[in-house]
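Visitor: Can you keep this structure in mind? I'll have questions shortly.
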Amino acid sequence: MLKDIYNSLLSKKQEESNMAAWNNEDILETQAQLFFSIKSIKGLKIMDNPIKVYCLASLEKQSVQTSSIVINKDQSQIEWNEGYTFDVISSKSILALSIWQGNANVTIANNSIEGGGSSNNSKLVGKLYIPFATFKKQFCDQWFPLTGTSQSVSIHVKTSFTNSSKKVTVDDFIFLRMIGRGAFGQVNLVKKIDTGRLYAMKVIKKDKCLNMNAVGHTFTERKLLKKYYHPFIVGLKYSFQTQDSLCMVLDYIGGGELFYHISERETFSEETARFYIGQIMLAIGFLHEHGVIYRDLKLENLLMDLDGNICLVDLGLCKEGIQEGHVTYTMCGSPEYVAPEIINGTGYSKSVDWWALGTLFYEMIAGLPPFYSEDPHEMTKLILSSPLKFPPQISKNAASLVSLLLNRDPSKRLGSGESDVEEIKAHPFFKNVNWSKLLNKEVDPPFKPHLVGPLDLSYFDPLCTMNSQPINPYTINSNLSDQDQMAFQGFSYSAPDIFLNNNNNTTTSNTNIGGSGSNSGSAQNSPYNSLRNTPPSIISMMKMSGSSGGFERMSPGHFSPISVNKQQQIQQQQQQHHQPPPLLQPQPQFWVQPQHPNHIPQPMAQLPILSKLQETTFERRRSLSVNAQTQFTLVLDPNEE
């Protein structure tokens, strides 16, 4: 009987392992939660020294590292009795449990990536995958054998699955710490009260979003994250809005920024870079397969989960619907990574992502982007015409891959053909990569982050995590007009026609913009409303149980020649309609149409724009040699620091 269950689980896991197939049809209609408990473990072979054993559990990128238990040689079966709760969004969810063991007498001395990038101090014992079809039963209580181990190790697992019709709102979260800051708001580390899971809540100020003409980018990110799921792309759990802010609750990816990890070593070995680049290729290839150009690939947009796998974040600059043979002209991205055709304004397609991949790969193995300069004017010239040079330690296969990706002719660039990412996979540099195992996270990462607890933010920028407080959406007051609010219609998940104002009262919207995702009664009478008035310093000190995972940073207002000056457009409109400027009244954002953002006119194709790029001043993100501030200071008002 046990063997049949084991074979059934393996078959089901193989059937559903391609998690990239998630779409709207797979999203559950109601909120669901899975409670699981690891009761005990048996079958471990212990030599002389006692070992410590812990479990990494994950579901939909929610991650938990259990406490460690010490096991001695004479113990054949060990009681564990530790349980957690996950939020379940999709019918294709898989509960993944991996058991790790290490010497109980060894303490991890540091978190840096040593040598070729491997500093894992624990050994994988085995894994267990429990698919949705199994745990959706109300209760499950049985022993499961672990896979991927030569030992006959089994764990006793109990699960309980529940559904709820309750809508998620701001009141369901405790605000703990600010972990990222951008042009339109900030990203907060939050704790979901009922499950204890950690998430990254992106709080976007509506007025700034309107002022910077970024409503379309915000809706694009929400739409793509809601529509698709991929193992190496951050997931959207919930979205809702208040009178003055938009909120997206995203996976918290606790291993921190890849930028941080490469800064610790200056470079990665080619073997380590191959692992990360391979996972990035799978994510970008998935987007291309669905007609999406990413357009902002860089180290800062790559996070590491607790297992050491990569997660792509910030889809705000993605471009949808570009058909084969067609191009787009909007200039956007980050200056070190933009392709020549973007700078020249000749039009570009999906191959700009492969140029950025080549730049990123070069940066991983050489330490800086290939055409980097402290002078942005000089850097654009280097991107357009400078010969590509390699340090002596770069292998021939690596140099060949970079050269093919950094071909200035986009039609001849590796990956520009109809087969897209498959062209790059076939390069000799990836000869020994098992792409199926890499996609299913069955390849051991070169480095596994070690955290001392769920609030360990060691791998994030301390300028954000230590010196700033989280922002509660209810504290934002922008006094937007009804016309302004129309731009945000449809942002919330299945929200009723209400939203909460700053006084915690319920306001009915005649524009049907969608609300915070709560009805008026539950919002007004919520026992957690008092948390809005709790000082952030006190909230951040609240004791919490069990979750660790990672985070997603907000995108800055990237440079773009199509960005409009709000005041100029207002004056033009007033002149056309012969209206005097209103006195002491909020200026209207007239370019926001009173309809769904999908109907906002698309920007026209731009003529060559090298001169416009050179007129823009950029601040280099944190580099290996200069302690510069991150890109998030690029568009921030100095008074808001």
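Including glycine, each Cβ sits where the backbone N, Cα and C put it.
As the structure is a computational prediction, the values presented were derived from the model and not from experiment.
Among the features that Swiss-Prot reports, domain 'C2' is placed at 13-144. Annotation source Swiss-Prot lists domain 'Protein kinase' at 173-430, citing sequence analysis. What Swiss-Prot lists as ATP binding site is Ile179, Gly180, Arg181, Gly182, Ala183, Phe184, Gly185, Gln186, Val187, Lys202, and the listing cites sequence analysis. Annotation source Swiss-Prot lists active site, proton acceptor at Asp296. Positions annotated as region 'Disordered' by Swiss-Prot: 509-588. For 523-536, the entry in Swiss-Prot reads compositional bias 'Polar residues'. As annotated by Swiss-Prot, compositional bias 'Low complexity' applies to 537-546, 567-578.
In the displayed structure, how are the listed features positioned relative to their neighbours?
Guide: Taking all protein chains in view, 23 other C-beta atoms sit within 10 angstroms of the C-beta of Arg181 (ATP binding site).
Secondary structure at Asp296 (active site, proton acceptor), taken from DSSP and collapsed to helix, strand or coil, is coil.
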Visitor: Where does the mean pLDDT land for the domain 'Protein kinase' (173-430)?
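Guide: Across the domain 'Protein kinase' (173-430), the average pLDDT comes out at 92.
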Visitor: In Å, how long is the longest CA to CA span across Ile179, Gly180, Arg181, Gly182, Ala183, Phe184, Gly185, Gln186, Val187, Lys202, which the record gives as the ATP binders?
Guide: 14
Visitor: What does DSSP say about Ala183 (ATP binding site): helix, strand or coil?
Guide: coil
Visitor: Quick one: Cα separation, Arg181 (ATP binding site) versus Asp296 (active site, proton acceptor), in Å?
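Guide: Answer for this pair: 17 Å between alpha carbons.
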Visitor: In the structure shown, which of the binding-site residues Ile179, Ala183 has the fewest other Cβ atoms within 10 Å?
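Guide: Result for the binding-site residues Ile179, Ala183: minimum number of other Cβ atoms within 10 Å at Ala183.
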